[in-house]
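Engineer: Mind having a look at this structure? Questions to follow.
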Amino acid sequence: MNWDTFWADLGAYFAQITWTIYLEKIFAVAMIIAVAFAVRWALQYVIRRVVQQIVSGVKKTQKVDDTQALNVSPMAAVRVVQRSRTLGAVLANIVNVFILITALLLIVTTLNKDILGSFALLTAAIGAGLGFGAQNIVKDILNGLFMVVEDQIGVGDIVDVGFASGVVETVGIRITQVRDVDGTLWFVRNGEILRVGNMSQGWARVIIDLAIPYSSDVEAVQDELLRVASALASSRKWRAFILEKPEIWGLESISAEALVTRLVVKTRVSAKWDFARDLRLHMKKALDGMGVPLTPLNSVVMTTGDGTIDGSTVEPIEGAVDAAEEAAAAVPDVVAGVRTGPVSVRKPRGPRKAKPKPKDVPVPMKTPDPETRSDGID
């Protein structure tokens, strides 16, 4: 092998290559990537600034330094902050996806202008095949956009989306993250959310149903409960969270066992559960002071996982377990299905023997008597 000839041919091959074309393509690809990063950073900065300006404006209007203090401010301000942050997160995700797709298309076109045309049929076939699988993705994205635009859900809201309930931590273009009271983080696809129960919009209502004996003075008990609830609502701790004065809605049910009276208080969403716990404690002390015991109920009540019946909270019933145990002790053993006498043990039977199968015996045909015919023909 003549090395001089080899190196001469190799040099001639590289000499005929137009390096300027490749350098131009490499430079163009680098510029596309740099511009994509610059545009992404600029749009992300604009989105963050707009959200910060909205939040800062709400803080100045409500004269607070932290968004957590907006809980005691008008609820419209809280919704503005939550909705602004949610829209900012969704727009940031959309910007990232749009810039990535645009940059990839520009890079492919720069490297080879005919590559998109040559793969047109292949791209159409792949697109048709993936179209059915991408239906769920498109459904998730559209449903997420409509939920945010229509203010159905926002970051920080307490929601019930069917699959999970808790505080919304992130609203993405495809998935919404909800953290429940146990700390579990649920990833819910937006397309699977058919209903949204938002407990952070507007106001909340504390509903307490209390069962008292039938012989109690209903008016006196209701007046005392209303006095205790009004005093607690006007206290320094809770007066900023109470929207309306407590009310007695009257008797919810009447039976020979108990009278169920209902008390309601309209509160802010953030204070509903804490105020309800504090109110139950004060109601218990008031009933103890009046000497009114809680009545055991013999009926079986179906409740939800959080102990509510149709949205109302039922107070625990004292003495129900003891009464049930006494009633069970009074039932005779025979009724309870327990035999107290000696029990005889029967000897187990052995295997049964198969009976011999009778042989097939032909049955002779009997000729009917002409005089006893029953066909009605003489």
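For all residues, glycine too, the Cβ spot is worked out from N, Cα and C.
According to TrEMBL, the protein has these features:
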- 346-356: compositional bias 'Basic residues' (COMPBIAS)
- 368-378: compositional bias 'Basic and acidic residues' (COMPBIAS)
- 136-200: domain 'Mechanosensitive ion channel MscS' (DOMAIN)
- 208-292: domain 'Mechanosensitive ion channel MscS C-terminal' (DOMAIN)
- 338-378: region 'Disordered' (REGION)
- 26-43: transmembrane segment (TRANSMEM)
- 87-109: transmembrane segment (TRANSMEM)
- 115-138: transmembrane segment (TRANSMEM)
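I'm curious about the neighbourhood of these features; can you describe it?
Structural biologist: Summed and averaged per residue, pLDDT over the domain 'Mechanosensitive ion channel MscS' (136-200) gives 85.
Within its own chain, the transmembrane segment (26-43) has Cβ neighbours under 8 Å at 95-96, 99-100, 102-103, 106-107, 110-111, counting only residues six or more beyond its boundaries.
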Engineer: What parts of the chain pack near the transmembrane segment (87-109), using Cβ distances under 8 Å and only residues at least 6 beyond its ends?
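Structural biologist: Contacts with the transmembrane segment (87-109): 29, 32-33, 36, 39-40, 43-44, 47-48, 50-51, 115-116, 144-145, 148, 155, 170-173.
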Engineer: DSSP on the domain 'Mechanosensitive ion channel MscS C-terminal' (208-292): how many residues come out helix, how many strand, how many coil?
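Structural biologist: Helix, strand, coil within the domain 'Mechanosensitive ion channel MscS C-terminal' (208-292): 38 helix, 25 strand, 22 coil.
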